[in-house]
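Undergrad: Features from Swiss-Prot:
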REGION    62-73  region 'Interaction with the inner capsid protein VP2'
BINDING   153  Zn(2+) binding site
BINDING   266, 286  Ca(2+) binding site
């Protein structure tokens with residue numbers, strides 16, 4: 001993997017900097033590095049493809065070295081270099097796609113394609129110019145079974161989940177009380193509602209709670225907490241739990257009371273915030289518990305009182321809600337990230353070349369299914385293909 005990264009970094013620099021008119025002295029170190037790459041690769045043959053619709057291609061390396069000059073690089077010099085650069089880039093692209101297409105239930109962190117296995121050999125260790133990539137560093141740690149430390153801006157750690165729970169219900173569905181939520185990516189929205197606006201509740205207060213277990217622990221998280229759940233702020237028709245009917249939800253939004261958010265790790269509370277909105281910090285957690293209340297307003301203008309009568313029919317439904325967004329966090333497992341294209345790159349390659357469903361990844365790289373059942377085997381393979389995708393993205397956009 002280090003060799004693949006070094007090759008890609010060298011080729012990217014060569015493509016960007018070896019241009020007509022450039023002073024040789026400004027790129028002499030890069031050209032020496034480029035020549036070292038050619039010397040090491042010359043005389044070797046590789047094969048890529050042969051899985052799904054990814055065609056088999058054979059690669060032979062027999063290229064001349066780039067020479068020295070006292071002046072600027074001329075058109076002939078650059079054209080000669082371009083021929084070599086484009087061949088190498090095409091090779092790297094195909095090695096990456098071949099690797100992305102493959103998976104293994106055992107030791108999925110290790111190279112799976114024939115070409116990358118060959119590049120991992122001792123004879124190519126001389127191609128090791130720059131391994132400063134975060135993904136390379138973490139791939140090495142994962143490969144040695146050390147703790148990795150991925151920093152994500154918005155980690156897609158929450159499988160998609162959208163449902164409701166009714167704490168009070170009738171066959172007519174005309175006086176309901178409960179919670180509804182949607183969890184996805186890095187955001188939780190939860191709403192508590194009561195058709196009667198807590199009229200018959202103790203002290204006219206309804207208590208709601210929403211617990212969200214994560215598939216992996218997060219540390220040093222920056223989180224936004226808002227006293228609203230905008231996805232549940234408009235009328236909708238909802239299928240009943242048994243699927244036999246539908247019921248009408250027509251929310252009127254109140255501000256939640258006594259809001260508390262707890263961040264737990266292995267069942268122990270690590271951080272607690274009460275009635276604090278905006279930006280909050282969570283140190284270390286694998287579970288989020290949100291609790292809040294709907295309080296019937298003790299004083300109401302006639303217009304508000306008409307919204308919340310003391311007896312049916314209840315046309316409008318009192319609703320309170322919360323939104324919690326994980327803006328950034330550190331995770332010791334590789335995850336899809338809203339700010340990166342790695343999952344999209346991997347999925348696109350596998351779809352474009354009709355890669356058959358293997359023993360590890362779900363069909364279509366379905367992220368909800370993948371993260372819901374996030375096994376060590378999936379984590380290893382995802383670490384490898386994301387690393388390769390990050391390398392490929394240096395050359396192929």
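In case you wondered, yes, glycine gets a Cβ from its N, Cα and C as well.
What's the neighbourhood like for each of these?
TA: In the predicted structure, the region 'Interaction with the inner capsid protein VP2' (62-73) carries a mean pLDDT of 92.
Under the three-state DSSP scheme, residue 153 (Zn(2+) binding site) falls in the coil class.
In the three-state DSSP assignment, the secondary structure recorded for residue 286 (Ca(2+) binding site) is strand. Within the same chain, residues at least 6 positions away in sequence whose Cβ sits under 8 Å from that of residue 286 (Ca(2+) binding site) are 213, 214, 216, 217, 218, 264, 265, 266.
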Undergrad: Take the Cβ of residue 266 (Ca(2+) binding site) and count every other Cβ within 10 Å, whichever protein chain it belongs to.
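TA: Result for residue 266 (Ca(2+) binding site): 10 other Cβ atoms within 10 Å.
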Undergrad: DSSP says what for the region 'Interaction with the inner capsid protein VP2' (62-73): how many helix, strand, coil residues?
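TA: Counts, helix then strand then coil: 0 helix, 1 strand, 11 coil.
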Undergrad: Looking only at DSSP and grouping its letters into three states, which state does residue 266 (Ca(2+) binding site) belong to?
TA: coil
